[in-house]
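Over in Swiss-Prot, the protein carries these features:
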- R17, E18, L19, K20, K117, R518, C519, W564, E608: 5-methyltetrahydropteroyltri-L-glutamate binding site (BINDING)
- I434, G435, S436, E487, D602: L-homocysteine binding site (BINDING)
- I434, G435, S436, E487, D602: L-methionine binding site (BINDING)
- H644, C646, E668, C729: Zn(2+) binding site (BINDING)
- H697: active site, proton donor (ACT_SITE)
Amino acid sequence: MTIRNHTLGFPRIGLNRELKKAQESYWAGNISQAELLAVGKELRARHWQQQANAGVELLPVGDFAWYDQVLGTSLLLGNIPPRHRNEDGRLDLDTLFRVARGRAPTGKPAAASEMTKWFNTNYHYIVPEFQQGQSFTLAWQQLLDEVDEALALGHNVKPVLLGPITYLWLGKVKGPEFDRLSLLDAILPVYQQVLSQLQQKGIEWVQIDEPALVLDLPIEWQNAYQVAYQALTGQVKLLLTTYFDGITHHLDIIKNLPVNGLHIDLCAGQDALQVIHQALPKDWVLSLGVINGRNVWKADLTTRYQQVVALKGKRPLWIGTSCSLLHSPIDLSAETKLDDEVKSWFAFAVQKCAEVALLAKALNAPEGEYDEQLAQYSAPIRQREHSSRVHNAKVAARLQAINAQDGERTSPYQQRAKVQRARFNFPLWPTTTIGSFPQTTEIRTVRLDFKKGRIDTTAYRTNISEHIKQAIDEQERLGLDVLVHGEAERNDMVEYFGEHFEGYVFTQNGWVQSYGSRCVKPPVIIGDISRPAPITVDWATYAQSLTDKPVKGMLTGPVTILCWSFPREDVSRETIAKQIALALRDEVDDLQKAGIGIIQIDEPALREGLPLRRDEWQAYLDWAVDAFKLSAAIADDETQIHTHMCYCEFNDIMEAIAALDADVITIETSRSDMELLEAFEHFDYPNEIGPGVYDIHSPNVPNVEWIVGLLRKAQSRIPAERLWVNPDCGLKTRGWSETRAALANMVEAAKYLRQNV
C-alpha cells in the first residue's frame, strides 16, 4: 500500500501580501474588479505549483478565499443576509465584501455581519446568519471554477469543502430564536449538488472539513452527522477532516459514518493512534496530521516517522499537515536576516510541504533506508535543546520565587475605586479610546525608513513625537476624557513588545492572515523571556506632558502576547505566560513611578486561548488569570488598571474575567448589539465596564442616535456610574476623517446622556 501525502490548505495572501494589497486597492477604487480577480488567479496558480514542486501529491483546491472560507461557504449556499443583497438578487464579489465590511465599491452600505475567532486560532471568520425556514441554493461557483483552474494546470486535485454540520454550528440565529440544526435538510441538497458536479469533473477525493468534531457537541448535533453523511455518500470519496484537537470522544460516531477516510490532528490532539486505527473500518484511509500547520518550527522527522511507522501496511495511510498551512508564514527562504542557527530551527509553509513529502517518501521506502536523511534533517531541532539562547537562569530563578501575594492588589476594588475617583474626578459616561489611532502612510513610512537605516534616531523620534502630539491634540479637540498616545511607534501590539524582550526573534516576511486583508507578523518565542529595559515609559510620559488630562499607558497582556506569538514547544504555555507577566510587571511599576495614572493591559486573546474541550478550561483559566494578575498587581491603589477584550463570548468565563480584578474592562459589543452585556448583568460584574459602541472593523460612521441607543441598552444592564464609553477596538486600520466623525458622535452621545439620564 503506497502512502500518499497532501496538505489541508495553503496560505492565500501571497509571499509579499499581494492579495491584501489588491483587495485594499480595489476597495479604495484604485483597481478594477477584473484586476483583483486576476491577482487571485495568479496567486492560486503559484501556490499550487509551490506545493507540487515541494512534492505534495494531492493539492487542496477551495482553500483560497476572498475574505474567509466560512463566508465563502455562505455564498456557495446562497446564505446572504437580506440587507447585503443586490436588488436583482444576484451574488457577486461586492456582495461578499458588504457582508464582511459593511460596504463595497458597489451596493448600499449596511451593518457588517459579526466576526469571530476561528476555533482557538488568531484567524477570524464572518459568522453566518440564519433565519427560520430559509432556503439555500448553489449560488456561488468559486469552488467549482477553481477546481477547473487547477485541473487545467494538470494538478492532482483534492477539493476542500467546509462540512454542513460545522457550518451550521459556526453560525448564529438572527431574529426569532430557533434550532439552526433544523436547517440541515435544506442545506444538504446544495452539498449533494456540489459533490455531484465535482464527480462529473473526475474528482476522486473531497476533503470535507468538520472541525466541530473536536468539540464537546450536544447529542442532537452528534446524531446529525449520520443524517448528513448518509445524504452525502456515494458520489466522490469523502475524507472527513478534523483539526485543532483530538476526536477520540466522538470515535463511536465517526467510525459508523458512511465516509471513506478520516484526517486527525496528531500535533494539537492527544489521540492514541492505535486506538483510532483499531476502531476505524480497515478500508478507510487514515490521514495523519503529523506536520504542525500552526507553528514555525521544523519537525523532528525521526520522531514523526517512529510515531506512524507501526501502521505501515496495515491500512491505507496518508501523511499530511495537522491543519491548513494558512496559520503558518509562507516561505523561510525569503528570510535573509535570521542568523543561521535560528533559521535552522524553522520551517514555514513551503518547507512544511517538503516535510510532508519527505516523511511520506521515507515511509514508502524499505525500513531504515531514510534514517540518516531524517536524522540529518532533524538535527538542528535537537541541537536547539542545548542552546544558550534558549535558557536563562535568572528568569528561571525569578519564576521559582513567585508567591500568591505577588498576584494580589493592595486593596479590593471598592476601596481602590474611591481612591481613583478622588484622583481623576471623571464625569458620568467617561469617554476614551482603546489605544491606537490611524496608522497613516506617513507613520508607516517613518517606521520603515528608520528600520531600513534611511533616517537616524533623532529624526525618527522627532517624527513620532509629532504624530503623538497630533493624536493628543485631536483627542482634546474632540473632548475625550481619557486620552491615549496613539501608538504611532508600534507596528503591531505584540511584535512591538517582543522587539524589546529577550527570548524573541522576528521575521522580515513571516506574515499570516488574521481576517480579510488584515495580516499579522507574529514574533517567535525561541527562549526564556525577560525585559532588559523600560519599553513604553518614554513615549507615555511625553504624551502625558502635552495635556492635563490622563493619558493611558498601553501594554499588551501576557496571554495575548503568548497567543499571538509563535510559541516554543519545549515548555508549557503557562511557563511562557508567567515569564511575560514578570516582564510586564516591571513595566507597570516603571509607568506608575513615572506618573502614568491609568495603565491598560490588553487581553483580547484571553478567550481564544481556551482549550476546545471544556474539561480542560479551568486549568487554563487558572494560569491565564494568574499571569494577568502577576503583571498588574504591582499597581498602587490610585493607579487605575484597564483591560480590553474583543471578539469574545463571555457568558461561560465570567468568573475568570471578574477574577482578573481590572478596575475597568472595555469589550467589543457593537456588532452583537450589546448582547454580550447579558453576561455581565447576570453575573453582577462588580467593576467598571466600557461596552464598545461602534464597530471599528467597518468604515461606516455611527450616528449619535445609534450610539445613544446602544448605551441605553447598556445602562439597562449596568449602572451608569460604572459605564464607560469607547469604540469596540483600536483605530489603527481606520482613516482620520471617519475616526474624527465617529469619535465626535461618540462624545456627543455621552454628553447627551449626562444631560438626559
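Cβ atoms are placed via backbone N, Cα and C, with glycine included.
Taking the features listed in Swiss-Prot, we show where each one sits on the structure.
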| residue | record | contacts (Cβ under 8 Å, 6+ apart) |
| --- | --- | --- |
| I434 | L-homocysteine binding site | V484, Q600, D602, H644, T666, G692, N726, P727, D728, C729, G730, L731 |
| G435 | L-homocysteine binding site | V484, E487, M493, K552, M554, Q600, D602, H644, G730 |
| S436 | L-homocysteine binding site | V484, G486, E487, R490, M493, G730, L731, K732 |
| C646 | Zn(2+) binding site | P604, I667, E668, G692, D728, C729 |
*Let me know the most crowded of the binding-site residues, choosing from L19, C729 and counting other Cβ atoms within 10 Å.*
C729
*So of R17, H697, which of the recorded positions has the fewest other Cβ atoms within 10 Å around its own Cβ?*
R17
*asked:* For C519 (5-methyltetrahydropteroyltri-L-glutamate binding site), which of the three DSSP-derived states applies: helix, strand, or coil?
replied: strand
*For H644 (Zn(2+) binding site), what is the secondary structure state per DSSP, taken as helix, strand or coil?*
strand
*Rounded distance in angstrom between the Cα atoms of K117 (5-methyltetrahydropteroyltri-L-glutamate binding site) and the residue listed as 'active site, proton donor'*: 14
_Spatial separation of the residue listed as 'active site, proton donor' from E608 (5-methyltetrahydropteroyltri-L-glutamate binding site) - C-alpha basis, Å_ = 19
_Secondary-structure category, per DSSP, in which K117 (5-methyltetrahydropteroyltri-L-glutamate binding site) falls_ = strand
*By Cβ count within 10 Å, point out the most packed of the binding-site residues listed: K117, H644.*
H644
*Write down the Cα-Cα distance for H697 (active site, proton donor) and R17 (5-methyltetrahydropteroyltri-L-glutamate binding site), rounded and given in Å.*
20
*Between H697 (active site, proton donor) and L19 (5-methyltetrahydropteroyltri-L-glutamate binding site), what is the CA-CA distance rounded to a whole number of Å?*
18
*asked:* Can you check which residue among the binding-site residues E608, E668 has the largest number of Cβ atoms within 10 Å of its own?
replied: E668
*Other residues, Cβ within 8 Å of I434, G435, S436, E487, D602 Cβ centroid (L-homocysteine site)*: T433, V484, M493, M554, Q600, H644, C729, G730, K732
_Spatial neighbours of C519 (5-methyltetrahydropteroyltri-L-glutamate binding site) that are distant in sequence (at least 6 apart) but have CB under 8 A_ = I13, R17, K20, W511, V512, Q513
*For L19 (5-methyltetrahydropteroyltri-L-glutamate binding site), what is the secondary structure state per DSSP, taken as helix, strand or coil?*
helix
*Please find, for I434, G435, S436, E487, D602 as listed binding L-methionine, the greatest distance between any two Cα atoms, in Å.*
14
*Whole-number Å value of the largest CA-CA distance among R17, E18, L19, K20, K117, R518, C519, W564, E608, listed as 5-methyltetrahydropteroyltri-L-glutamate-binding*: 28
